[in-house]
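J.: Have a look at this one before I ask anything.
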Amino acid sequence: MSISKYFTPVADGSLTFNGANIQFGADAQGESKKSYDAEDSMPNPANQLNDITFQAEAGEMVLVLGYPTSTLFKTLFHGKTSLSYSPPGSIKFKNNEFKSFSEKCPHQIIYNNEQDVHFPFLTVEQTIDFALSCKFDIPKGERDQIRNELLREFGLSHVLKTIVGNDFFRGVSGGERKRISIIETFIANGSVYLWDNSTKGLDSATALDFLEILRKMAKATRSVNLVRISQASDKIVDKFDKILMLSDSYQLFYGTVDECLTYFRDTLGIEKDPNDCIIEYLTSILNFQFKNKNLGNLSNSSSASVLKTATGEVTKYTYNSDFDLYDQWKHSSYYRNIKQQIQGSSIDDSIKEVDPSDVSPIFNIPLKKQLLFCTKRAFQRSLGDKAYMTAQFISVVIQSLVIGSLFYEIPLTTIGSYSRGSLTFFSILFFTFLSLADMPIAFQRQPVVKKQSQLHFYTNWVETLSTTVFDYCFKLCLVIVFSIILYFLAHLQYKAARFFIFLLFLSFYNFCMVSLFALTTLVAPTISVANLFAGILLLAIAMYASYVIYLKNMHPWFVWIAYLNPAMYAMEAILSNELYNLKLDCSETIVPRGPTYNDVPFSHKACAWQGATLGNDYVRGRDYLKQGLSYTYHHVWRNFGIIIGFLVFFIACTLFASQYIKPYFNKDEIERNNSRLTRWLPFLNKKRGTRSSARNDSKYVGIPKSHSVSSSSSSLSAVPYQISPSNKEMALNDYNEQPITETVETQKHIISWKNINYTVGTKKLINNASGFISSGLTALMGESGAGKTTLLNVLSQRVETGVVSGEILIDGHPLTDEDAFKRSIGFVQQQDLHLDLLSVKESLEISCLLRGDGDRAYLDTVSNLLKLPSDILVADLNPTQRKLLSIGVELVTKPSLLLFLDEPTSGLDAEAALTIVKFLKQLSLQGQAIFCTIHQPSKSVISHFDNIFLLKRGGECVFFGPMDDACGYFMSHDNTLVYDKEHDNPADFVIDAVGNSNSSAGKDTAEEALTLNKEAIDWSALWESSVEKKLVKKETARLEDDARASGVDYTTSLWKQPSYLQQLALITRRQYICTKRDMTYVMAKYCLNGGAGLFIGFSFWHIKHNIIGLQDSIFFCFMALCVSSPLINQIQDKALKTKEVYVAREARSNTYHWTVLLLSQSIIELPLALTSSTLFFVCAFFSCGFNNAGWSAGVFFLNYMLFAAYYSTLGLWLIYTAPNLQTAAVFVAFIYSFTASFCGVMQPYSLFPTFWKFMYRVSPYTYFVETFVSILLHNWEIKCDMSEMVPGQPLTGQSCGQFMEAFIEEYGGYLHNKNTFTVCAYCTYTVGDDFLKNENMSYDHVWRNFGIEWAFVGFNFFAMFAGYYLTYVARIWPKVFKIITKVIPHRGKKPVQN
């Protein structure tokens, strides 16, 4: 390869294991194979490999087989922290100890697994360009050349501008996404590559291309490549130089492919079935060892293998354990040769230790360029997520317009000064909530960042800093828009200096919050815990901003929080900037006032406002700031310096946390710890029945041996299937006598499709496809990106976008009842979407009860077949086991019409794949029609399929018929094709035949192929005019006529779907189980409520009966409502998991009605919200010293429980309406800020503009605040402090009582010294009800409000159902988003077919 010159691994490096006994560390375990404790069926990972001896030379590719392989790869990759081996064994790279080498040169060890994690909104071009930029410090033109050559080699040039996508956002196909992951790994430029099932999801031709490229790169760069592959053809195996075989605990062989076959077949006497490919043969040996079976069973019939000694004597040896095979290996000549080779290398003076100075640096580009490229990528990935970005922008614009108009032209009065303070506080609080909304998307980024940092594209803190740079830039734009609208609508001071100071402080305060909540996401293990931390931080920021509680009134034990709060410094600076030079008119708060006092000189009056002086009808802003709020204008620039200090500190902590604090990225590990915690707390999780005792690894429940099979497969219809004598044992030997599908529908139906076209935008993904499925097992094949998954989705009525044309017929009749059709089919998706906290049995059971006949005995049959212990949690399954569970979920429904499977064997080893296909074959023999996409099928696997439906890229059918006929068909039209029936795999042959014409020599497009092959055959056009196509049409018509003549309606054989109440009961029980086992979520919710209650209660400890106490009371209630925001975020994260499973899998299968999902989540969430809110009430209410009478406490508690119901239903409404979690978080911030603004706390009702007065009655917070405050302050006696008394001087000859009598009669309040003739001391309020009246509240409204609050809860319920319906049933949101994206064009092209 011309690009190999850019790759510089360690020269002539070799990886040597010399008798190594390897202990696996915790970092390496998790996704690998697990052994199970027979007593409790819980996972117990194997933790040691013994006496591993091999040497992989520079430039070699080694195929590693065996269950510990994945764990071994991870152990080597995490060598610094996980690798542990005991002497005298050793592991060396060149002549360096491997652990030392991995510490000094970690970037030389590259690991790639079967998981594909990418930023979904980046295009393929952006993704690859970023990787190249991080690893190669060369001119852009050369990087582009490398990119184009890599994309061309991997067949991705045609998707250059397409977004990558993921399981939930459509982009490139799954196979193409896998190739992107492989390219990234190539680019990592290491010396030792560990490829862990990296061909999962690739078709055989693409997998072969990958191995060819890998071989070229290995030879050219002299790198060492260890590869684990679950399924592979002999052509792929032949690409490897050596094979390493590992059992559970021991090495069984190392050598070339030919040596391996000779050793096991000739030396040990383990026969190889002629129809087995190499990897099937070797995997079967390993599987029999794992099942602790006798390897002799693989020979003719005896449990003993026949061996010849050196003297020619025939002996027998029985293998009872993997140790027996290990013992044979250790005494073999191959083992001695490896030991001699290793010994020779160790004494070879020419092989020197690796000098780190001779190795490329860990990061090939300087930090400055890392930051540049990461920042560019941060802009690209964020701007690509238009839904989230648009939601934030619209939220800011609407909020600024609404709040600006609410505070429209604030008067220059004392009351107006309160409004200015409220506006400042709201601005600060709004951007705090907006920063809080960024936490979900930060958690979603972490797996990608983890992967790329392990590939050493960049150092963690650089990526964090680049994200921070983008966030600051975007938030600055939002602050500018917000400030311009709000500032001038509210008529704050129209002076440039004042405006820019407002903008400056709000911007830098916002930056502080962005970094603070980013830090929270880095130190919290889960988003639930992050919301717990964020909730407490939010309360501290709001309460100790010195506005809710004035600085001088804070309790000494918490006053220090204010000085650690950036909001306090921003609040002081912004408000001081606004009020310092103002003169506030006091006409609205003069004491006394009214007609009686019109002629009284002002020297006898006073302004009832903090900072007022006797005899003045105004208050200077600076006096109000100093006396009322303890603010001073001279602190403005000091505060700016302090905020800068906070910002630097938060950034430094964030960078430190991202670099040195290892977050809990792995969701599976989190769930696994939840399950362990639950088991430690038995009162939270009662024992679920008896342990699974039926599981027996030595037996399968499956195909009965007595089942007769016969005949040929020449017809396209489902015909009796003949297993040849050589295959008969393979097909039946693994199964016992119990039938598995005695209740499967035996009546044959036919599903036919004619001229199916599917178009998304301007791109046609399926082009004029026709075919049919009756009974039988049909393979849907084609190269990656040909449209296989797309066709399955179209036929199964699962597509929700685009335009479908053509006909789909059931028994010759048009498909009309879509719901009945969905219930009659099963569909196994590529993505294994399950609820992690259910057990295997519970997952199967819910599918069986809701979609099947409820046959619980059949659950054990399927579970045993799939080798899945019933009581293990889904969270404890590795990826292979999750795939098996996905198949089981559909099998237990016993689909009566058709079973669709999308790559059911992807990621499974050869033996597991064969087991699954044999099971599918048995289903087909009993009348089940099965349509199945499959990648890389072996010869023995493909032999079980009756027919093949072959697609080429572009979604065009090129053949439909028996596999044997397919090979003849292609050879008859292309005399350059040669098929050897004895040795060639027919599946590989047909893929190669079509692929070579469509993408010759790895080219991406037909146009490129034609430039290399002028005579390329248009197989789709050839098929349309072929005799075989006419026979298909004829057979279709015959089967449709037979089905119509039978008069059997497939809907009559449907299992009776459970009633709505039964569905609700089942799903509610499932939700309860998942919630009960998610201890992180439950404890976080209780801790947040309890911690917030104590924090608020102690902050407002024993509120005094004075004026400040009145203000504290109303803000106490307001802060109690603020807790709802982080609690809603917790609820949404939890609800999202079940929503994703339902939308992506269960809804498409019509498992249960969509309203059941919403109701069940509400039924489980509400009691949890009520009980946790009870903890908040107990902690907060009684700490504040309010009226503790049973009546008051009881009514307050009752209303707070109703508030808990309100915020719970609000959170569910938003998460079930929003397209994703981050957008829902933005909606939460917007709605909270919107409703809280109109409740009368921030802006007195009397100052509401006429237009917005209706919103006071629309806001639910109005009624909650009024109810809570009224309960607290009703009949509450007020005793003003002397500093709160309004001074006044009575007229000559009058006492204070006489002078103030008329005023008090009209406005209330009391005189402290009514008999005095000098200076009067007037208190504004006598009882709390006076304050309530002034705030437009009344205790008499408590029960009226209670009813209105119920109405809001009811509205949330209605909105939740309506929102879900419009978004996911009627799909209004995608249409709206489509309009938005037309206004804001997307850089990526349309998605391609899968």
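Every residue, even glycine, has its Cβ placed from backbone N, Cα and C.
When I checked Swiss-Prot for this same protein, it listed these features:
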- 1-420: topological domain 'Cytoplasmic' (TOPO_DOM)
- 33-273: domain 'ABC transporter 1' (DOMAIN)
- 421-443: transmembrane segment (TRANSMEM)
- 468-490: transmembrane segment (TRANSMEM)
- 497-519: transmembrane segment (TRANSMEM)
- 529-551: transmembrane segment (TRANSMEM)
- 558-575: transmembrane segment (TRANSMEM)
- 636-658: transmembrane segment (TRANSMEM)
- 659-1080: topological domain 'Cytoplasmic' (TOPO_DOM)
- 751-978: domain 'ABC transporter 2' (DOMAIN)
- GLY782, GLU783, SER784, GLY785, ALA786, GLY787, LYS788, THR789: ATP binding site (BINDING)
- 1081-1103: transmembrane segment (TRANSMEM)
- 1107-1129: transmembrane segment (TRANSMEM)
- 1156-1178: transmembrane segment (TRANSMEM)
- 1193-1215: transmembrane segment (TRANSMEM)
- 1224-1246: transmembrane segment (TRANSMEM)
- 1346-1368: transmembrane segment (TRANSMEM)
- 1369-1394: topological domain 'Cytoplasmic' (TOPO_DOM)
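How about a rundown of where these features are and what they're close to?
T.: For the transmembrane segment (421-443), the residues of the chain that approach it from at least six positions outside its boundaries are 385, 388, 392, 395-396, 399, 403, 407, 410, 471, 475, 478-479, 482, 486, 490, 492, 506, 509-510, 513-514, 516-518, 520-521, 527, 530-531, 534, 538, 541-542, 545, 547-548, 567, 570-571, 574-575, 578, 629, 1125-1126, 1129, 1133, 1221-1222, 1224-1226, 1228-1229, 1232-1233, 1237, 1241-1243, judged by C-beta separation under 8 angstroms.
Below 8 angstroms of C-beta separation, residues 421, 424-425, 428-429, 432-433, 436, 439, 443, 513, 516-517, 520-521, 523, 558-559, 561-562, 565-568, 570-572, 628-631, 1080, 1084, 1087-1088, 1091-1092, 1095-1096, 1099-1100, 1108, 1112, 1115, 1118-1119, 1122-1123, 1125-1127, 1129-1130, 1133 of the same chain, each at least six residues beyond the ends of the transmembrane segment (529-551), sit close to that stretch.
Counting only same-chain residues 6+ beyond the ends of the transmembrane segment (558-575), those with a CB under 8 A from a CB of the stretch are 420-421, 424-425, 427-428, 432, 501-502, 505-506, 508-509, 512-513, 540-542, 544-547, 551, 625, 629, 631-632, 635-636, 639-640, 642-643, 646-647, 1098-1099.
Below 8 angstroms of C-beta separation, residues 460-461, 463-465, 468, 501, 504-505, 508-509, 511-512, 515-516, 518-519, 522-523, 566, 569-570, 572-573, 576-577 of the same chain, each at least six residues beyond the ends of the transmembrane segment (636-658), sit close to that stretch.
Averaged across the topological domain 'Cytoplasmic' (659-1080), pLDDT in this predicted model comes to 73.
Using a 10 Å Cβ-Cβ cutoff, GLY787 (ATP binding site) registers 28 neighbours.
Residues 526, 528-529, 531-532, 535-536, 539-540, 543-544, 549, 554-555, 557-558, 1075, 1109, 1112-1113, 1115-1116, 1119-1120, 1123, 1126-1127, 1130, 1133-1134, 1168-1169, 1172-1173, 1175-1186 of the same chain, all 6+ positions outside the transmembrane segment (1081-1103), place their C-beta atoms under 8 angstroms from a C-beta of that stretch.
Note on the transmembrane segment (1193-1215): residues 1120-1121, 1124, 1127-1129, 1131-1132, 1135-1136, 1139, 1158, 1161-1162, 1165-1166, 1169-1170, 1172-1174, 1176-1177, 1181-1182, 1187, 1221, 1224, 1227-1228, 1231, 1260, 1264, 1267-1268, 1271-1272, 1342, 1345-1346, 1349-1350, 1352-1353, 1356-1357, 1359-1360, 1363 of its chain, located 6 or more positions outside it, place their CB under 8 angstroms from a CB of the stretch.
Long-range contacts of the transmembrane segment (1224-1246) within the same chain, counting only residues at least 6 positions beyond its ends with a Cβ under 8 Å from a Cβ of the stretch, are 388, 391-392, 395, 398-399, 402-403, 406-407, 415, 418-419, 422-423, 425-426, 429-430, 433-434, 436-440, 1114-1115, 1118, 1121-1122, 1124-1125, 1128-1129, 1132, 1210-1211, 1214-1215, 1217-1218, 1252-1253, 1255-1256, 1258-1262, 1264-1266, 1335-1337.
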J.: Report, as numbers and ranges, which residues of the same chain sit near the transmembrane segment (1156-1178): CB under 8 Å and 6 or more residues beyond its ends.
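T.: That would be 1060, 1063-1064, 1067-1068, 1070-1072, 1075, 1082, 1085-1086, 1088-1090, 1092-1093, 1120, 1123, 1127, 1131, 1134-1135, 1138-1139, 1142, 1196-1197, 1200-1201, 1203-1205, 1207-1209, 1212, 1216, 1357, 1360-1361, 1364.
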J.: How about long-range neighbours of the transmembrane segment (1107-1129): same chain, 6 or more residues beyond its ends, C-beta under 8 Å?
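T.: Residues packing against the transmembrane segment (1107-1129) from afar: 433, 436, 439-440, 527, 531-532, 534-535, 538-539, 542-543, 548-550, 553, 1085, 1088-1089, 1092, 1096, 1099-1100, 1169, 1176, 1180, 1184, 1186, 1200, 1203, 1207-1208, 1210-1211, 1214, 1225, 1228-1229, 1232, 1236, 1239, 1241, 1261, 1264-1265, 1268-1269, 1272-1273, 1278, 1280-1281, 1284, 1323-1325, 1328, 1331, 1335.
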J.: List, by number or range, the same-chain residues at least 6 past the transmembrane segment (497-519) whose CB is under 8 A from its CB atoms?
T.: 427-428, 431-432, 434-436, 438-439, 442, 464, 467-468, 471-472, 475-476, 479-480, 482-483, 487, 534, 537, 541, 566-567, 570, 573-574, 577-578, 636, 639-640, 643-644, 646-647, 650-651, 653-654, 657
J.: Can you name the residues of this chain that are 6 or more positions from GLY782 (ATP binding site) yet have a C-beta less than 8 Å from its C-beta?
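T.: Once residues fewer than 6 apart are set aside, GLY782 (ATP binding site) is near ASP203, LYS788, LEU950, LEU951, LYS952, ARG953, ILE991, VAL994.
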J.: How would DSSP class ALA786 (ATP binding site) in three states?
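T.: Where ALA786 (ATP binding site) sits, the three-state DSSP reduction gives coil.
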